[in-house]
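Taken straight from Swiss-Prot:
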- Cys31-Cys59: disulfide bond (DISULFID)
- Cys38-Cys52: disulfide bond (DISULFID)
- Cys42-Cys60: disulfide bond (DISULFID)
- 1-20: signal peptide (SIGNAL)
Amino acid sequence: MRIHYLLFAFLLVLLSPPAAFSKKINNPVSCLRKGGRCWNRCIGNTRQIGSCGVPFLKCCKRK
């Protein structure tokens, strides 16, 4: 059972984006701080200002 914890920690580190190399919004907390929301796609009068950490979620803000 201990191997599950190690595997989870390894995947967490492997899949986390390196924060030092990117100044873009790339997590939900940063998105909310910038006044945006995480959506599948930006619709209507919103524009994409970043991503929310996963490829299919975008950080959208009103124009």
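Heads up, the Cβ atoms here are built off N, Cα and C, so glycines get one too.
Shown on the structure are the features that Swiss-Prot records.
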residue	record	Cβ within 10 Å
Cys31	disulfide bond	24
Cys38	disulfide bond	18
Cys42	disulfide bond	18
Cys52	disulfide bond	22
Cys59	disulfide bond	27
Cys60	disulfide bond	23
Structural state of Cys31 (disulfide bond), classified by DSSP into three states: helix
DSSP-derived class (H/G/I helix, E/B strand, else coil) of Cys59 (disulfide bond): strand
Disulfide-bonded residues near Cys42 (disulfide bond) (Cα-Cα within 10 Å), from Cys31, Cys52, Cys59: Cys59
Integer Cα-Cα distance in angstrom, Cys31 (disulfide bond) to Cys52 (disulfide bond): 7
Cα-Cα distance linking Cys52 (disulfide bond) and Cys59 (disulfide bond), given in Å to the nearest integer: 6
Distance from Cys60 (disulfide bond) back to Cys52 (disulfide bond), taken between C-alpha atoms, in Å: 10
Inter-residue Cα distance where the pair is Cys60 (disulfide bond) and Cys38 (disulfide bond), in Å: 6
Helix, strand or coil at Cys38 (disulfide bond) [DSSP, three-state]: strand
Local backbone state of Cys52 (disulfide bond), from DSSP in three classes: coil
